[in-house]
Amino acid sequence: VRTRVEITFDEENQPVRAEGIVQDITELKRIEKALQEREEQYRAFFENSMDAVLFASPDGTIHAANKAACKTFGMTEEEIIRAGRNGIVDQSDPRLKPSLEERDRKGRFKGEINHKRKDGTIFPGEVSTALFKDKNGLMKIVIIIRDITERKKVEEVLRKSEEHYRMLFTNMTEAFFLGEIILDRDGKPYDYRFLEVNPAFEFHAGVKGEKVLGRSHLEVFQKADPTVIEKYGQVASSGKPAHFEFFTHLTNRFLDIYAFSPEKGKFAAIFRDITGRKKIEEKTRQRAEEMETLMEVAPVAIWIGHDPQCNNITGNRMANELYESEVGENVSVNSNPVRRFFKNGHELTVDELPMQKAALKDINVRDEEIDVLLPSGELRTLLGSASPLHDADGNVRGSISASIDITQRKKVETELTETLDNLESLIKGRTAELEKAYSSLKESEKKLAEAQKMAHIGNWDWDLVTNKIYASDEMCRIFGLDPQEFDASYEAFLNYVHPADRDHINAIYRAVLDGKELVGMDYRIVSANGQERVVHGQGEVTFDRENIPVRIRGTVQDITERKRTEKALELSEERYRIIAEQTGQLVYDYNVEEDTAHWAGNIEEITGYTPDKFRNMNLQSLISLIHPEDEKKFLEKYERFRTYGGTYRSEYRFKIENGEYIYVEDQGVGLKDAKGEIKRILGTIKDITERKKAEKSFANIEAARKREIHHRIKNNLQVISSLLDLQAEKFKNKKNTGDADVLAALKESQNRVMSIALIHEKLHESKGTDKLDFSPYLMKLVESLFQTYKIGNKDLSLDMDLEENIFFNIDVAVPLGLIVNEIVSNSLKYAFRDRDRGTIRIKLYREENEKPEHQKHENSRGDRISSINNFILAISDNGSGLPEELNVENASTLGLQIINILVEQLDGKIELSRSSGTEFTIRFPVA
């Protein structure tokens, strides 16, 4: 406030009375502050403008020049002031005198005048001047000059390009037409007249040019889209080009339209048919949606590296569970918490990890096993593959990896080496897990997420008394306008409001004028570049003492993305409901604090309860429907889940409406709040009654099958025991035996047992016969060895030439299978250590019998046998070969000892060739 006091004195000059006035100057101070801020804005504009800005007097005296002016004229500010108008303007330009006269007459001038630099060169300048009075009441001029030399050059180029226009106009494949806007009585566009069309227009519009030239759109087609006519009208009136897409019902096509104005009131439009592209975009969108869903439901951990160095890696639901990470968390090696990676006891560097190798080397990495030490201290073993991702130019932009947790499988494999009692079941379990993992990897696909834009807020201030409107730069940006060129007025603002929302905005404006408060609202706008946006307006009205509105202030927020998100959420919820119904599961969202659940799916079909009755059940009422024998186990799992979080899975019997019990599988995941407490549980309930019946039936069949094959396994355990005795002899005289040696020996024994197991498998397939079709068995045995020993990306090939219909009994098949196992295993392990490629060849065929049919043969045991068939088994590789000093018949290695024993058991002979790698040739008779 401002106080003024007047004191009255008596005859003795003593104060006897004081009178004062207290004035509220709050508004005056606000105005002074606003003026100060505006002056700071003008100073910032003056100093930072890209155009030359001068302050001068009408007589040509220059008082100040900004940095851009100094750069434009090649002078210092002092030199420009000394030169004055005559020193920087081309006095011979005939446009100079009329421009000064127009400025003095109208108070402003805008046009082109030639100027000269310090070095005397002349350049064209676009000049804008305005008269104003300074604080002393003296007339001054602000002059803004823009060097348009380059623009003039461009105009000359455009003039020359006009000569090529006609050729392009006639031969271009895009449709083109020149139109003239037709206005109604209120000056608004409602139609347009065709002035010129090209041949392509006739093709796209389906009408001859002579039938449209000189006629309006409504005369030719009877119907017109008001939105398109409005856009053409904006282009013709404003001169600003527009680019938009439009679906025309005339030809049922999507058109991509680019419109510009060659002169006031006219516009030219170029359009092309993009119907095919639109269909592809829709298919692409649907595919992306399917891939996103697949990523979340896939039972495989999938990670995506979003950059070539894989510094930003995120995963799907299974990946987050595996890595103990949150949704969207970066799990790269450079992020926290730290995860450490090992392979065969060696800690891997960044470049050795599968995803990084795939991205940095642009290669596919297949079936790598690594150990991961998680932040919790748990060690998990993963089996995975990785591939690079490329951009449109073929450059690596990241990588994708798919893995499964094989920790449990590794534990099973360890147990296999510790006991022979469960050898067959453990091998089958391992094989089943590997096949399941391979199938899961084949079904997974890759997928990348886009980011949302953040909302922007602009503000405005409308003085209803002076009818002046201030709009911030951010508000202009929302409307697609240039803050320097926008003529802020209510009418101009209304032009950018969507036609369907203008009446609503006008109604609110009239209500404000009638004294009502301004409320928040959402409405659509069409920005200057033709984009339709959704904004939220919020404001307040200032009234005077007579309750007349004098000022309106408010904000505008672009909420287009939010609206799209809300719509997408509605669609997502609808898809969520449909998926639940179609998959035959119940999907629930349980609120722990409120003890309420939202259900989706065929409730009545699965439980017999009506949806309303089922949804009104709380947790306790649902627990009461669990079979008494299963209730305790369910509660224990539930409480453990509530305590430790993560996911849970439970199977129990559930009482349906008719009083019967069904088996259900209940799986859920907890959503935690900021304190780490579970507030919501998302899960599914699936009827598994039929599966339980099948499992019970299968258990009975399995028991009978085990009794049937028990005697076959028992007969071969003695063979296995003998092989293990030989293996044990290998370590008998060794003082120091490492774990790796033991593991390698166990793996060799495992492969020998596998060769025997395959014989029994093939005998089982032969439906009771005691002879084995040996060639198919041999192919499966060798392929299994290749899968076991083939390492990395080595290109090892297998060439097999096996005679068909060769049948051996088990006494021949077992030793012969063990011989092949020993030789092929040795080649895979040692023959190609320093080589990237190689070939293993196997031949099996009958040898023509040179002895007469009646000639007898005596085997090593002295038995006389007849009808002898001689066979040859040749196994070779083109690897590094065996050492020259190695004597096959008196070898010290266990493998060669076994081979010699088995060849002798077959009454055969063995030959070794080192000419090109290693070749074993075994001849043996079979009665």
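Glycine is no exception: its Cβ is also placed from the backbone N, Cα and C atoms.
No curator has checked TrEMBL annotations; they are predicted automatically.
TrEMBL assigns the feature coiled coil to residues 21-48, out of the candidate ranges 21-48, 217-244, 301-328, 441-468. Helix, strand and coil counts under DSSP for the domain 'PAC' (1-37) come to 12 helix, 17 strand, 8 coil.
Panel annotation: around the domain 'PAS' (38-81), residues 87-88, 103-104, 115, 117-119, 131, 138-147 of the same chain, lying at least six beyond its termini, place a Cβ under 8 Å from a Cβ of the stretch. Taken through DSSP, the domain 'PAS' (38-81) splits into 23 helix, 9 strand, 12 coil.
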